[in-house]
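See below for the structure under consideration.
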Amino acid sequence: MPERPPIRALRRDPDDPAVAQALASLARGSDLVFPSRFQKWLRDFRQVHAHRKEEPPPQSPPPGHTVPAFYFPCGRPPPRPQDTEDAIALVECAFEGLPRGRAGLGDMAVVAKACGCPLYWKAPLFYAAGGERTGSVSVHMFVAMWRKVLLTCHDDAARFVRLLGHPGCSGLIQEDFVPFLQDVVNSHPGLAFLRAAKDFHSRYITTVIQRIFYTVNRSWSGMISREELRRSSFLQAVSQLEVEPDINRMTSFFSYEHFYVIYCKFWELDLDRDLTIDRSDLARHGDGAISSRMIDRIFSGAVTRARLPRKVGKLSYADFVWFLLSEEDKTTPTSTEYWFRCMDLDGDGALSMFELEFFYEEQAQRMAARGVEPLPFHDLARQVLDLVAPRCPGRITLRDLKQCGLAGEFFDAFFNVDKYLAREQREQAGTPQDTDSDPAASAWDRYAAEEYDFLVAEEAMAEDDDDHDEGSDPIDLYGLADEDCDDLEPL
């Protein structure tokens, strides 16, 4: 019988694919294969594979380039960590000059300056360090808080949110501003006359808070984010409080004269003195210039965002602040959004011809009642479409109104008959509006200045009138001792 191949030799390299293949061939019936022939075939096969270059293992892709960080929600970190310790050293030096190394709220001006913060950050710094619980803060309490702020917040917006806001929150709600603004009332020289009238502290604070959210909270979310603070001028206004003794020059947010105008306008409408107004009260604003259909939309909840339960069919003082700011200055983005929400009946983000006709129908009736022949709706529609130039014919979006720059003219044509007719008369006469006013002042600033002068003159005349009726109800900002209501809380 033929001698079989040396199986033991083949097993010396069992991982060799050629050996495995040879063994498989033998298993399928290798009795017909002569040993010499098989060994020759195996030798030739190995020689061929020995000359082949072993394929290199697959290479991993080249490492990607490191993308530098570009998103800093809390501000860009400082280039040197040592900057934090230097800042802490300045704070510790400030506490060394205080009695017992502790700071009360009255001492926080020195600490705020040592922190490199504006003066009126003193109350937020004090309360963030736990001063409200103990009445004062030690250097250890304050340094522990301030080190965390410096390590996690790297610009003014992030630090302001961290100091005023609740732990873990990335934004500020309205209640967060109350301690800060109360300190402004208590310590700013321009508000010294207001400190004795404690009943009106909450009214002033509520007004300022609503103005802050009206201007800064562009998302209408009810929470001011760090990015919204960065894009606004609010922090610059807070810094300006330190160098501007006349609070009335701070027209963006803090002006007392502006508060006086807003509150007096509300007081004139709130006949029952419950600090709320209903539809009939609001209908008297501006001698009934605003249409009833628009008033219904204001009370529908389209532009009110109170988190607390409200009285049905009532507007709070905070709601009225938004209404008055929007009505008297229709050039601001928030005003455009306010009235657009009111006119967008179906909430689809566009004003259709049906919605425009719905509001103009009452406007035309009110013009006819004043002896003015109104334009047919189709003629007015062509005029406003030419005015706005919407991207989609027959549908006006919020973006269209903001881009055209004539949102005030558009809105007045549909729900404020007095302003619409006054504008038409000026255009026919060829006279510009407010020729004697400051061109840099906003429409709201001009309105507030005119109304404040009128209210002051009205009070002066009432005081000089010896025949003044004692039973009448003049507007008295400080003489409301008979008012039976709680302090107005910011909504």
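Quick reminder: no glycine exception, Cβ is built from N, Cα and C everywhere.
Per Swiss-Prot, the features are as follows:
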- 331-366: domain 'EF-hand' (DOMAIN)
- Asp344, Asp346, Asp348, Glu355: Ca(2+) binding site (BINDING)
- 460-491: region 'Disordered' (REGION)
- 460-473: compositional bias 'Acidic residues' (COMPBIAS)
- 481-491: compositional bias 'Acidic residues' (COMPBIAS)
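Taking the features listed in Swiss-Prot, we show where each one sits on the structure.
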| residue | record | Cβ contacts under 8 Å, 6 or more apart |
| --- | --- | --- |
| Asp344 | Ca(2+) binding site | Ala302, Ala350, Leu351, Glu355 |
| Asp346 | Ca(2+) binding site | Ser352, Glu355 |
| Asp348 | Ca(2+) binding site | none |
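Per-residue pLDDT, averaged across the domain 'EF-hand' (331-366), gives 97.
Within the domain 'EF-hand' (331-366), the DSSP-based counts of helix, strand and coil residues read 25 helix, 2 strand, 9 coil.
Shown in sequence order, Met343, Leu345, Gly347, Gly349, Ala350, Leu351, Ser352 are the same-chain residues outside Asp344, Asp346, Asp348, Glu355 whose Cβ sits within 8 Å of the Cβ centre of the Ca(2+) site.
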